[in-house]
Amino acid sequence: MDKCKHVGRLRLAQDHSILNPQKWHCVDCNTTESVWACLSCSHVACGRYIEEHALRHFQDSKHPLALEVNELYVFCYLCDDYVLNDNTTGDLKLLRSTLSAIKSQNYDCTTRSGRTLRSMVTADDSFISHEGAQAFLQNEDRAFTALWHRRHALLGKVFRSWFALTPKGKQRLEEERLREVAEQKREEARKRRQQLKRKLKEEMESTPPRKSSRLKQQMQPSPKTELPSVQKMNQKYTPTTKQKPPAPTSIEVCLKKIGNSPIKRKPTVTPGVTGLRNLGNTCYMNSILQILSHLHVFRECFLQLDLNQTQELLAAAGSGKTRLSSKYPPSAVLPKVTQKHTKVQRSLARRQSFSSGLSGGASNSRNMELIQPKEPSSKHISLCHELHTLFQVMWSGKWALVSPFAMLHSVWRLIPAFRGYAQQDAQEFLCELLDKVQQELETTGTRYPTLIPASQRKLIKQVLNIVNNIFHGQLLSQVTCLACDHKSNTIEPFWDLSLEFPERYHFNGKETASQRPCLLTEMLAKFTETEALEGKIYACDQCNTKRRKFSSKPVVLTEAQKQLMVCRLPQVLRLHLKRFRWSGRNHREKIGVHVRFDQMLNMEPYCCRESTAALRADCFIYDLSSVVMHHGKGFGSGHYTAFCYNPEGGNG
């Protein structure tokens, strides 16, 4: 509506929570899709097409005006319409300008009074470099992790006490009691044997020396008579005053013992099950980091490789300081990775012991409290180093939640396209991140190779080989001339397969056929199906063999058909679903149809038989590792979540 009378009464607070990107999520369900901020208080909630938490806030508080955080339009609940006007002080215009500046991290625009928006923030990077905000969220991470520990500890204590009351629990309790009694008896027998040996030794030392060797031999007991003498002495010197009382048999005492005992208790935080805090529309980054950390080969590479000290060494060499530090830590060398395709098995993901913290294991890593939450202090920013430290935190078994400030800061500096708090595409971020990591490894390995230890150079080379080949596959593009049946083959590399939906899902009508779930195998079949090229547009080499290269005769164009097939499978297969269709001339909308897929995928029907004939049947089987899901109806806004298989916990 053109004029809303409720806008004139608006008095916007200067310290509104909407100015903090970390608050751009629903306080009730934590979604970042369709987030509305109340303009009368600091409440932020989701819209009516999600869980209606913003509408419920209006019904409870009677605050009529709310602003959509991403699209920046204002809605009045009392007028039940969108608001186009502003108040006399122009607060809505200023608020929109401020939010746009925060998203793009560009504070050079001016307000109506001529002041720049830079004065509204404390540093160039706004909240990402604000030490107070970082410290506040770091304390929240600690509090959340402590609460997680306490809840799981209390829950485990309750379930252990409850299990002891069941018939199976009583049976197990009795078995444990018998084992403890048997262990107690074995311990007492061991102590008696030690006491007997000590007394025999004291008697032998107190015996006066003999001059005759014959008498010395007589004093030495023979092996045949040693066992009876030990048995007699065992009976003679059995202690009777230090016997322990029998184990308690009362069920109440045993229940108390089980409830309070921390023995054999599993770690409260499963390694890898560490949440990444949304720092302001950063769900695209968090979801990608989660799936990369759950790829066993990729994770182990960056857990062993840390380029921070290497880059500092190269920087010192570039400035003239070429002296090699003797304190440089040697790096472990990864096993050589072959180019042969191997499926991603769960048995491969049974990583070596890296547990520490809650599980009671010792940790040789650095202090986890200071690794990731703070932004990098070094002038030489390294994405490999940030992946190294972040994976250490996520797989330490200590943290239930961590704020990846340093990772976001590095992404902003090294990938400017993702700078700011605007919503981004997760697929594009994954491609850019892998590209930057690859460039960093190549640059580090080739600059001043004599200054880098041989073990570190070898490790960098192997990690670069894994990063380049873990997602790398090859496609066979085959064009068949319909005039002479000649086939032209071209090998093309790929790092992911972009799959389109079948034609029935590209119509705007609400037919029942288009609403049925789509199968992933159906989308793969469409990707590899034969496609007829429109018209006579193909210049066949076979049909033009008799024509000279510089002849004046026109090139013979024929009809043809094209087909894509996989000729080399990657170690990790990435499938990208193209969920958009054109509605009208220039409008795109999302295809919200559910896609069904199994836990295992057989890629043999979609491969070129000539290229993959030598492979075994199990080489075509892939196990599901991770899924990144986009929630939302449009492309301009939404929320990303990641579902990953965790080998430590046995589930996602």
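Just so you know, glycine gets a Cβ as well, placed from its N, Cα and C.
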Identity of the Zn(2+) 2-site residue among His16, His53 (reference: Cys26, Cys29, Cys46, source: Swiss-Prot): His53
Cβ contacts of His639 (active site, proton acceptor) (under 8 Å, same chain, 6 or more positions away): Thr31, Thr32, Glu33, Cys283, His630, His631, Gly632
Average model confidence [pLDDT] within the zinc finger (2-99): 85
Sparsest-packed among the binding-site residues, when each Cβ's other Cβ atoms within 10 Å are tallied, from Cys4, Cys76: Cys76
Sparsest-packed of the listed recorded positions (Cys79, Cys283) - C-beta count within 10 angstroms: Cys79
Neighbour count (Cβ, 10 Å) for His6 (Zn(2+) 1 binding site): 17
DSSP-derived helix, strand and coil totals, residue by residue, for the zinc finger (2-99): 27 helix, 17 strand, 54 coil
